[in-house]
Amino acid sequence: MKLAYWMYAGPAHIGTLRVASSFRNVHAIMHAPLGDDYFNVMRSMLERERDFTPVTASIVDRHVLARGSQEKVVDNITRKDRQECPDLIVLTPTCTSSILQEDLQNFVNRASMISDSDVILADVNHYRVNELQAADRTLEQVIRYYLEKARRQGNLNISLTDKPSANIIGIFTLGFHNQHDCRELKRLLQDLGVEINQVIPEGGFVENLHQLPKAWFNLVPYREVGLMTAIYLEKEFGMPYISTTPMGIVDIANCIRRIQKQINVLAPILLNDKINYEQYIDEQTRFISQAAWFSRSIDCQNLTGKKAVVFGDATHAASITKILACEMGIRVSCAGTYCKHDEEWFKEEVQSFCDEILVTDDHTEVGDMIARMEPSAIFGTQMERHIGKRLDIPCGVISSPVHIQNFPLGYRPFLGYEGTNQIADLVYNSFTLGMEDHLLEIFGGHDTKEVITKSLSTDTDLTWNYESKSELNKIPGFVRGKIKRNTERFARQNNIVEITVEVMYAAKEASSA
C-alpha cells in the first residue's frame, strides 16, 4: 500500500465491486469509512446507468473505531436482503477493515443463517493485490461458489450444447469499451456459427452459472479479468479456453483459427463435419475491414517510420504495439504496461516489436521516458494524455484508466473487424492532428500562442530573451515544443543561462551533427 495522487489501478475493493455490480441481482456491501463510497457515483456517471448501482457502504465511523462493528455489518446485510431480495450479497473488506482486524467472515456466517440470499466474503488480500487482480480473483470465487453449490445440489449440467457454443468471460462494468467489444464479439461468434452460452459477469445471473460447463470453449478477450476463471473451468471440467485477444487483423485471424481448432476437436463427433473459417477470414480482411486497405494507402505509408510510445494494461498495450509495428509500419520506441503481475507475458509478447520495454506503475517514470523518447504520438491511458498535453505530443487513449469521453454513447469497439477500423482512425488522427495548430496559425484561425512552457520539469534556471522568444514563435506549433526542449538541453549541457537566437542556431547545428 502506498500514498499516491495517481494510480493506474485502484484499490482491491474497487475490483470486487466492479465484478459484483456487473452481475444482475447481486448486491455488494463494503465495510469502509465515509468517502470510500465514491464507486457508486463513478459507475453511475461513467456507465450512464439508468438504475442505481447495487452497492452499499457499511460506514466505519467513530463508534466503530471505539467499540467495533458489533451488529452493524450483519444488520446491513440482512436489511439489504429484505429490501432488494438479491440472489447474492458480496461483502468486501477494505484497507480500513483490514487495519481494524475485524472478523468479517464471522459476520458473513451469522448473516447467512438469517438471510434468504447467498452471502460470501470477497477473498482478496487488500495489501497485496490491486483492482484488476482483485476483480479476477472475485469473479473466479463467485463462479467456484455456484458451481460447487450446484454440484452439491445435484443440478450441475455438464452436457455440451448441440451446436458449437462459447462463454465470453471478463466483460464487466467500467471496462475500457467493454460494452462495445461485447457486441462485436457476439457478432463475430454469430458469423462463425457459434452460439453464446453465457457472458459473465456483465449482465449475467449467478443462478445460471451452473450452465457454464455446457459450452464447447471459453473466450477470454482480456488477460486482466477472466483468466483465473478460465483456468479453473479447464482444471475442473476440462473446458478449453482461448485467450488470444481478437484485436487487429493479425490477431483476429489467429483467434478465429484457434476457435476453429477447438470446434474441430468435437465437430466430427457431434456435427459429423469439420469447420473451416479461412474463407471468412479472407473476406472480412479484404472487403469488410477497412484497416487492411488503409495500411496500404498513401495516408498510412506517410506514417511509416514515425516513432510512437505505447503504455496501458497488458492486453491493450501488447495488442496496439503489434498493430502499430506489424500492420502499419510505425516504429514503437517503447511499449509498457502497469500490470506488473503480468510482466513476463507482456515482455514475451512485445519484445520483437519495440525498441524498449517499460513495466512500472509509477507515472513519473512513464513521463520521463516519453520526454526522453520525444515520440510523434503516444498511445496510452488518460495519464499519458495529460503527459502528452504538457509536452505537446498528441495522444490516443487505448486503455484504462480513462475519463468519461472514453465511455461513448456511439458504437466504438476495439475488438473484432469493426474494431480494426476504429483503431486505424485513432492511430491516424493521433498522428495527423499535430498539424492542426500549424494550419490554424497560417490561415489565422486563432490567436497564436506565446512560447510554450510545457515540460515535465519545473526548473526555471533558463531564460529566453525577447529576440529568441520571437524567433521561437515563428516556428510551427507542431514542432515548436521539440525545438524548445532541444535548445534548453543544449543550453544546460553548455552551462548557458540565457538563451539567445545565436544559442538556438548553435543547438540546431549540434542536433544536426
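Glycine is treated like the rest: Cβ placed from N, Cα and C.
Here is what TrEMBL records for this protein:
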- 12-431: domain 'Nitrogenase/oxidoreductase component 1' (DOMAIN)
- Asp36: [4Fe-4S] cluster binding site (BINDING)
- Asp299: active site, proton donor (ACT_SITE)
- Gly434, Met435: substrate binding site (BINDING)
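Taking every protein chain shown into account, Asp36, Asp299 are the recorded positions, and of these the Cβ with the most other Cβ atoms within 10 Å belongs to Asp36. Taking the Cα atom of each, the residue listed as 'active site, proton donor' and the residue listed as '[4Fe-4S] cluster binding site' are about 48 angstrom apart. For the domain 'Nitrogenase/oxidoreductase component 1' (12-431), the model's pLDDT averages out at 92.
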